[in-house]
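As recorded in TrEMBL, the features of this protein are as follows:
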| type | residues | note |
| --- | --- | --- |
| DOMAIN | A:5-389 | domain 'Glycoside hydrolase family 42 N-terminal' |
| BINDING | A:Arg102, A:Asn140, A:Trp320 | substrate binding site |
| ACT_SITE | A:Glu141 | active site, proton donor |
| ACT_SITE | A:Glu312 | active site, nucleophile |
| DOMAIN | A:399-584 | domain 'Beta-galactosidase trimerisation' |
Amino acid sequence: MLGVCYYPEHWPEDWWADDATAMRAAGITYVRIAEFAWSRIEPEPGRFDWAWLDRAIGVLGGAGLRVVMCTPTATPPKWLIDREPSILPTDENGRTRGFGSRRHTGFSSEAWIRESRRITEAVAGRYGDNQAVAGWQIDNEFGCHDTVLSYGPEDLRAFQAWLGRRYGSIGRLNEAWGTVFWSAELRSFAEVSLPVGAVTETAPAARMDFRRFSSDQVRAYCRMQADILRAHSPGRFVTHNFMGRFTGFDHHAVGEELDFATWDSYPLGFTDQFPFGDAERAPFIETGHPDMAAFHHDLYRGIGRGRFWIMEQQPGPVNWADWNPVPKPGMVRLWTWEAFAHGAEVVSYFRWRQCPFAQEQMHAGLHRPNRSVSAGGKEALQVAAELRSAGTLPASTQAPVALVFDYEAAWMLDIQPQGKDFNYIEMCFRWYEMARRLGQDVDIVASGASLAGYRTVLAPTLPHLSEAGLAALSATEATVLIGPRTGSRSVDFSIPDGLPPGPLRSMLPMQVVDVGSLRPGLSHPVTGKFAGRAIRWREWIETDADVTARFHDGSPAVVEGGRYVYLACWPDAALLEAALRHVLPAGGLGLTELPAGVRLRHRGELCFAFNYGPEPWTLPDHLVRTLVMGHPVVEPQDFACWRVAV
Amino acid sequence: MLGVCYYPEHWPEDWWADDATAMRAAGITYVRIAEFAWSRIEPEPGRFDWAWLDRAIGVLGGAGLRVVMCTPTATPPKWLIDREPSILPTDENGRTRGFGSRRHTGFSSEAWIRESRRITEAVAGRYGDNQAVAGWQIDNEFGCHDTVLSYGPEDLRAFQAWLGRRYGSIGRLNEAWGTVFWSAELRSFAEVSLPVGAVTETAPAARMDFRRFSSDQVRAYCRMQADILRAHSPGRFVTHNFMGRFTGFDHHAVGEELDFATWDSYPLGFTDQFPFGDAERAPFIETGHPDMAAFHHDLYRGIGRGRFWIMEQQPGPVNWADWNPVPKPGMVRLWTWEAFAHGAEVVSYFRWRQCPFAQEQMHAGLHRPNRSVSAGGKEALQVAAELRSAGTLPASTQAPVALVFDYEAAWMLDIQPQGKDFNYIEMCFRWYEMARRLGQDVDIVASGASLAGYRTVLAPTLPHLSEAGLAALSATEATVLIGPRTGSRSVDFSIPDGLPPGPLRSMLPMQVVDVGSLRPGLSHPVTGKFAGRAIRWREWIETDADVTARFHDGSPAVVEGGRYVYLACWPDAALLEAALRHVLPAGGLGLTELPAGVRLRHRGELCFAFNYGPEPWTLPDHLVRTLVMGHPVVEPQDFACWRVAV
Amino acid sequence: MLGVCYYPEHWPEDWWADDATAMRAAGITYVRIAEFAWSRIEPEPGRFDWAWLDRAIGVLGGAGLRVVMCTPTATPPKWLIDREPSILPTDENGRTRGFGSRRHTGFSSEAWIRESRRITEAVAGRYGDNQAVAGWQIDNEFGCHDTVLSYGPEDLRAFQAWLGRRYGSIGRLNEAWGTVFWSAELRSFAEVSLPVGAVTETAPAARMDFRRFSSDQVRAYCRMQADILRAHSPGRFVTHNFMGRFTGFDHHAVGEELDFATWDSYPLGFTDQFPFGDAERAPFIETGHPDMAAFHHDLYRGIGRGRFWIMEQQPGPVNWADWNPVPKPGMVRLWTWEAFAHGAEVVSYFRWRQCPFAQEQMHAGLHRPNRSVSAGGKEALQVAAELRSAGTLPASTQAPVALVFDYEAAWMLDIQPQGKDFNYIEMCFRWYEMARRLGQDVDIVASGASLAGYRTVLAPTLPHLSEAGLAALSATEATVLIGPRTGSRSVDFSIPDGLPPGPLRSMLPMQVVDVGSLRPGLSHPVTGKFAGRAIRWREWIETDADVTARFHDGSPAVVEGGRYVYLACWPDAALLEAALRHVLPAGGLGLTELPAGVRLRHRGELCFAFNYGPEPWTLPDHLVRTLVMGHPVVEPQDFACWRVAV
Ligand SMILES: [Zn+2]
Ligand SMILES: [Zn+2]
Ligand SMILES: [Zn+2]
């Protein structure tokens, strides 16, 4: 189903009815509203103006649209900030981050939590049982603009309290943080300071706890709103729209507070920002990288425990990347269908109409500011028609490949990269990309979640391997490819007693005795079962297990123990491909040879092929017979869909 | 005529008479003094020491020099700052910018305005009717070191008051800024905050108003001083020395307060700082780019309403660029003559003698610290001799080509580049450069100024096309080449109702329906009447007008309507050249084929050729007969001048 | 002899005895302890816990180890900072640099000086006459993490007082700083502000004085501790462990407070950070650049007036560079022997065992966290064995080549580079490197130190040539190669009256009349006795002396006067090599042709060859006969040593 983001407050009231009618005519089911409307809802302290919003919901609901109602907490109004300046967050230099844009709020501000409760109660009370309201979006894009971490006095007090709960005694904290190291031993929790602004780096365990604390604050804030909404609005779903490429808080944890996940898909913006090399990005500047949206679909399907929407789908150029190209013709349709192929229940475009004023005036919509239909709008209409003929799509089923993704891993490697280019999300993306280039469907799952039923499991790295994470890896019957640094840290960010890979040594009898980061230009060749080169990171291993590939100096590069395969480096593309060409078939999976820009994805008995590349791709003959959508020759920016035996 | 900048306070008093005599002997007419002399003029609060300055002016005037007297407001002394610390400006991080260099003053500080009045009254009162004083320079290089914008409490109060005057009611401001967008609606002007320091970007219209306000504050400050000077010093000119490459305030507006404009010409420093590519800069590192000084001459001639001086001419290496080369032999002479060719009335060198101490000790002068004549000094002597034989130069006449330059455009594109490399002044420079490579003289005129009498008008971009700007474009009989983004914004920084090019649609019936910024490496080919490639920026247009070139996908790249030609992209060099090879002849202009480093310029019946390139350039035979200066073969770093029929 | 850094407080007490025994068995003589142990020594204000440290010293001393005891002032504990927050330093933006790492102290804080005295008295009182204590290390790595300069109110007061002592009257300061230049004249020392945070650059002489003042504060702080230690601990040495690549304070001056110098040698970290080009760094990423450690050995041997130790020797990968590779096999041994070859008395590894927790957990030790011996540890054992068979090494003798190194030069060129890539330490390193590539031993000596006995002296640049510096240059009988900018500044940072090279004109009758910095890509060819190109910097000279090489335009590039050779540019590698191939033989020295990665070094009658390169190097036949260590073919990462006639 399709949805759209709409801002009645941005348009003359006499446009609303036409807009609502046009939405329905365009095949749109859901309309999201009001996430930035606080100053209209409560124009003065305590004086609520519901009338306009009542009418807007009335018009939309009356047209048969189902409303996704939002809490407006991403943008508290100026009068509130002036009354309660402690709401404002503090940056890492100790400066207050001011009013004038959005997310000017700290998750540990008591005034902010109190005011958030108040406005959530008000909105939920007003619309909780409104028939047009299908469900709720809490706030908007937690963490956007680096807003998870705040460094003010209330943040410190909340952190001290959190540490008190975590450690019980200051002695236990001193031990966990290793404060003896630089004479940083503390006598009480009140002596704790924020791990920022010091002369050089602060203790990694302290920084890690600050990340955990900050993530917990996001979750608590989300739960606070969810509880209110569920109390006032029974039978409606509660969700949040996550962003792409964010690792600032544990999305798996926040996802547990929601009925399903939604995310905001901007393939061109993310492709502009991702650390691709220039040559690699070039062919995909105007299409998005072929794994960019897909990676997030598979990630958020996991975070939503199988259920997700696209709450904001890029419908044309955006305004916030360094460069903002126009998508190539067909891409808006392709992205939409790709989301469905990956299991999205709803794709909701951001936004119905480009706003001619304010910060996002260069962000396209389905309509232009002059009410004409945009290029993306026309593609959305085509999708709507195609959806009608396609009928109900089959349910998504578990993929054969799992990639283990862990937000704590992202924080640990951010705190301690040890080599400047050791970037966690890039690493996971590379592994994901290679699996998909070989034709695989991939589930991205949390560390600790069950790995039952998978044929091959990819664990690019899990520096702290939790007990649950270890248990899942132990229990799976899949072939498991494990990357470097796995098991290299305790929960307290220290090196495990028996050296890395720590608890993994129960499956792989080995010790990592040395590690080195490799500057760009430096690489170490690997030969054996897999060949290629180590870049960025390499380990030295002592082991009695099978060594199936070695570095040029004879030291183990790949260690195997039963179905566990350990790769002792950041692999270049050749080595990564060689590794996957081994572990996927070892799990019983067939590989498909695809051009660089083509990707496959199954949804139930349907298989889709999406062509991001510059050349047409011809379907193998045997697939043509079951073609459901598209043509035997899949043109650039087009897709095909056929039925397969399940 | 020649001038020089002199600092009697830097030298022993017994050198002054020799210096003055030597200036006269060197053919110098004007001597600028005292712009940094406050601490000598008023060494203690309220105690003025005029004696030394009386004697200095006496010596200089006595030698027959005409004094350009300055107000010393670029450097208030420490005792004043200690008494009135609110004078200090505030940076965008909220930090006070301290004492110890220059321009440590905020244009909205009431204490500063009061003290500026006081010192200006004092200096003007003392020297207003001094016979040696020919005129006045107000302050020094407004805006230098990023000093137009200040973010302190007084700046906020003045901004609120300015907004009150501009909008009358807060409702009108809310509408203009689009505050409804992110719940930023304000209830009173007192709720306005400075558009800085927010979590992410603030409203573009708010930022635009802050730029306008800040520019107005510069103008008001300049007018305050001009009024005092005119009251005390009848019959003397009042001017200001502008800098190169500055767009922080509206120079056209400030220019209206002056009798003529002057500017400070540092071709090598500016060439080091300009965003040239390395290969492009390389041949001109030691000569300056051949359009660098010329562009500014033509700009400031417009700002001075036909009249301008060089107040500071680079005489050798400077101290402030990242790299500071020695000019090639001949360049100081060439730059001086080039200024005259572009209509300068006076070229004044900075400075008479290199100062052996303090911040600018690495800045060359006409003399070295040991009183010997520098290489640049020798070239200045040669210029003086040449000027004597040349006699009075003819008056400058209107050029056949106008380039429309708009400071508001610079602010809008700075606030909303949409592609990281969309740089306004670079764009204008590129268009100017190409016209001059094809042999044209160019006037750089303000948007809204009359375009009567021009044959070809170049408008690289005018995002907000004002009524006056539109009227001038409508009224001209010239062929007009208009660049992308023109007419794309209302005065309130919003997209016009009928889509871009907004009011330009009266001349060009078209709509820009999509725009995309193109990352380096991405370009779109253009074919048709003009061929080349779009880089950095491209538009998608729907039109019934003539389309004379198209992008590879068939979408219009060039739209023509009568004498108006719209170019829907940032052109690469080939496309820009092709466009100018069309619109210049279309305006009736002949093109001259010149090597990359040679430029022509007419002044009355004289035509000059300046050779910045590495190869000699041979004059066409028919010009040799009327040669006035130079030789038929123009050597590198040399020029020739001949007489043409007018 | 060998040493090691040990932290009993990091390990269970029941490991201590085994560790001590293992140290002795590993051939270790010295053990450094307690430099970060304040919070264990004084866990509460005024309550000292000596027991554990008494026992630790007892165990170590009992095993026959000699203890290097440290003052723990690099890491004052949290309770002290909470009581005396004025201890914290202030950064250049005026922000307090907080607790949580190390060196969170300002050298001008009165509270800090008082507390430092107190803890130093306490530790020295307790252990001053302990039989196990061989000597003292004061603090740890002065200046690490940019901690020489601090910008708080106490820094200002101390600076004002220092200026009062330096200048006596404010008039003299105004003259020295040239405050008349931008109206910055001061009426009293109380009006002085810190030369930071101004709108643009502050007076270079003011900044220079702030550097001198700050350096003096480091020295005074060091002397304060040294006096206490000497009073309490007669017969023990007092030293400090300097870092590599630091020029923030005058190490020669601080060295005068010490019995000898020690430094912390991290060849891979420094090679990662040094401004090498990528291609140049590539072959040495895993070995260190072949001159990196050597340059510092020769520098610190000078600072220690002939005596130095390595207090911290890299034993494997470190944690603090952008990339941290594993040293190639053999390098730990090679670095250790290279230190001895350069005259080190002791090489002390950092650290005995890698710490599994806190900030440096990725820093290797001689042992892994699990108590196994690391690769570096095995090499250290090999060195110990080799040392035993080698017996006492001969004394180091004066090298035939001196390179003059001046910390004031580093500050001057940092304050006024005039070309962005004019980096003092890089320049000196380049000259040093070329001399060593030609087979020379080099002493790095302070400007003003005696140059008697040298054959060739290299003075890359000495902007301010002090009287003592001039006298040493005058007195030497060596051939002297002098680089550009020498003598270009007075002690007050002004251009000398007779132009540069100022006082050097007594030896070289010449004047530098123009100087230019050359952007990357711009170079000026030099031909004559030496050929090559000027890069980065070039001078124009007028002279009656011999000109033995000229720039392409005929201007002198090399001026000779007797044994003084002046090079008027930053030479590229070819020109530098040509210059050294002249001045070394001119001083009577023979050159040795070596591969790019091989270096020689004499210690008494021993000569060593170290092979950092990728190819084996074969000793000339005649040397093989006197081989003492190693083989006639010196493999990569290996060395040889032979006996020579002295
Ligand atoms: Zn969004
Ligand atoms: Zn100037
Ligand atoms: Zn250290």
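Residue numbering: from 1, along the chain as shown.
Using the three backbone atoms N, Cα and C, a Cβ is placed for every residue, glycine included.
Features recorded in TrEMBL, as mapped to the structure shown.
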residue  : record                    : CB count, 10 Å
A:Arg102 : substrate binding site    : 25
A:Asn140 : substrate binding site    : 23
A:Glu141 : active site, proton donor : 21
A:Glu312 : active site, nucleophile  : 25
A:Trp320 : substrate binding site    : 16
Check your understanding: the domain 'Beta-galactosidase trimerisation' (A:399-584): mean pLDDT?
Key -> 98
Check your understanding: Among the recorded positions (A:Arg102, A:Asn140, A:Glu141, A:Glu312), which are close to chain B, meaning C-beta separation under 8 angstroms?
Key -> A:Arg102
**Study point:** Rounded Cα-Cα span from A:Glu312 (active site, nucleophile) to A:Asn140 (substrate binding site), Å
**Key:** 11
Exercise for review: According to DSSP, folded down to helix, strand and coil, what is A:Arg102 (substrate binding site)?
Suggested key: coil
Check your understanding: When the Cα-Cα distance from A:Glu312 (active site, nucleophile) is computed for each of the recorded positions A:Arg102, A:Glu141, A:Trp320, which gives the smallest value?
Key -> A:Glu141
Study note, to complete from the structure: Whole-Å Cα distance, A:Trp320 (substrate binding site) to the residue listed as 'active site, proton donor', is 15
Exercise for review: Rounding to the nearest whole angstrom, report the longest C-alpha distance spanning A:Arg102, A:Asn140, A:Trp320, listed for substrate.
Suggested key: 16
Revision key, fill the gap. Simplified DSSP label at A:Glu312 (active site, nucleophile) comes out strand
Check your understanding: Cα-Cα separation of A:Glu141 (active site, proton donor) and A:Arg102 (substrate binding site), in Å?
Key -> 11
